[in-house]
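Enquirer: Found this in TrEMBL, in case it helps:
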DOMAIN    216-424  domain 'BAAT/Acyl-CoA thioester hydrolase C-terminal'
ACT_SITE  SER242  active site, charge relay system
ACT_SITE  ASP334  active site, charge relay system
ACT_SITE  HIS369  active site, charge relay system
Amino acid sequence: MTEKAASPMLLLHPSRGLIDEKFSLIVQNLSRIQDITLHALIHSDDGDYWEAFGHYVSDATGFVNVANDSSLGGTYDGVEPMGLLWSMRPVPGSRIGLRLRKKEVHTPMVVHISVYRGHMSQGFREQVALASVVTERWYMAPGVRRIDITEGGVTGTLFLPPGPGPFPALLDLWGGGGGLVEYRSALLSSHGFVSLALEYMTPRTSGGSTSHVGNEYFEAAFTVLKQHPQVCGDSIAILGLSFGTSVALGMAVYSTVIQPRCLVCVSGSHVQPVKGSLSDVFGEINKNVRNTRYDEENRVIWRDLLLPIPTDPTKKVDVGQLKCPVLMIVGEDDQNWPATESAEDMKEMMEKAGNSHLLTTLSYPGAGHLIEPPYSPHIRASNFMVAGTKQKLVVLWGGETAPHGHAQEDSWKKILSFLEEHLYRSTDVTSQSNL
């Protein structure tokens with residue numbers, strides 16, 4: 001009797017890991033020189049389906065190794081070990097303007113990976129897969145604790161690493177879309193940092209009037225971290241994305257309460273009124289709303305709202321007064337904010353002031369505005385609700401899929417190294433000096 005050929009098999013390792021952890025993916029028991037399609041599918045917390053796929057050809061032994069073999073087409077090309085994740089896009093027929101964001105950080109991102117015969121680009125649900133496997137991608141490592149924070153009038157979520165501590169900490173600030181966004185803080189805590197995801201864009205109502213939070217709100221949040229028994233009070237950083245960068249720079253320079261050990265500023269700018277509050281910043285931006293542009297699909301381009309970079313020193317943070325290291329991360333195709341021009345002006349200001357040694361800039365060609373943790377899908381444009389007004393728009397963030405995905409991977413590694421250098425190593429020194 002002729003021995004029956006073994007069925008195709010997908011081998012994935014690890015089947016459970018952090019969202020920023022690479023996996024290996026191998027297909028074996030294929031026919032020699034066989035065309036196949038690898039397909040990844042996610043069902044998001046919002047109820048939408050996202051997919052990515054790559055076209056491969058097996059070798060003479062019926063083997064495909066995604067870490068070494070090239071995708072010949074699909075949502076990504078070339079040797080891309082994690083292309084099945086960072087090239088994800090909504091399935092055909094989905095709602096427009098979607099953005100994949102994890103809302104329930106206590107549950108994993110479940111990714112279904114399947115292999116199909118031939119080179120396919122559509123109709124995956126109508127076909128029977130040769131083999132399938134499931135992987136769980138987590139933002140929260142085992143033992144990380146999530147705590148709602150409401151003390152001192154502060155609204156946020158605190159994530160604590162496993163163990164007694166004390167640990168270095170971060171104040172995590174997202175951008176102008178508002179809301180309480182937790183997944184980055186959960187991931188940072190999974191790497192050994194206490195992280196406070198702060199909600200700060202929603203206007204507060206008091207005494208019948210509604211207004212943005214004042215600078216004392218950020219000082220209260222920083223104090224919550226500083227006084228927490230599991231935090232090293234002298235090893236606190238601020239991480240800001242987009243508008244969060246404006247807050248981080250302003251507070252680091254002008255606040256007498258907030259004294260961060262270092263700053264990480266992603267896709268942001270220093271252009272804002274000196275010592276200004278959120279209301280002041282928005283007021284200045286609104287003066288230039290006429291500079292709003294739209295692309296051919298009527299998507300909003302806001303990068304010109306702060307251009308040209310002012311020469312008037314009262315209209316930008318005096319970064320020459322910064323006393324802590326700053327890591328600036330810039331996407332050179334950012335269509336939302338003038339991050340490149342701002343980073344260049346900051347460098348000039350700090351060179352004149354003699355503190356440019358504190359500034360490190362990572363600039364990525366082809367990357368857009370939304371530089372997130374690695375293997376997150378590139379979002380070139382998405383729906384956006386203006387905080388406070390509830391106006392709904394589709395905003396162009398910029399970037400191209402492959403270079404943006406590479407920028408996210410590279411910058412995240414360097415963010416973690418930067419934080420370890422300026423928070424953990426200094427913490428170790430402090431601890432030893434107290435023995």
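Glycine too: its Cβ is placed from the backbone N, Cα and C atoms.
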Enquirer: What is the Cβ neighbour count of ASP334 (active site, charge relay system) at a 10 Å cut-off, with all protein chains included?
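Expert: For ASP334 (active site, charge relay system), the 10 Å Cβ neighbour count is 26.
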Enquirer: Whole-number Å distance between the CA of HIS369 (active site, charge relay system) and the CA of SER242 (active site, charge relay system)?
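Expert: Here the two Cα atoms lie 8 Å apart.
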Enquirer: Return only the integer: C-alpha distance in Å from ASP334 (active site, charge relay system) to SER242 (active site, charge relay system).
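Expert: Per the Cα atoms, ASP334 (active site, charge relay system) and SER242 (active site, charge relay system) stand 11 Å apart.
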Enquirer: Among the active-site residues listed here, SER242, HIS369, which has the most company in the form of other Cβ atoms within 10 Å of its Cβ?
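Expert: Per the Cβ count, the most surrounded site is HIS369.
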Enquirer: If I take every residue in the domain 'BAAT/Acyl-CoA thioester hydrolase C-terminal' (216-424) and average their pLDDT values, what number comes out?
Expert: 94
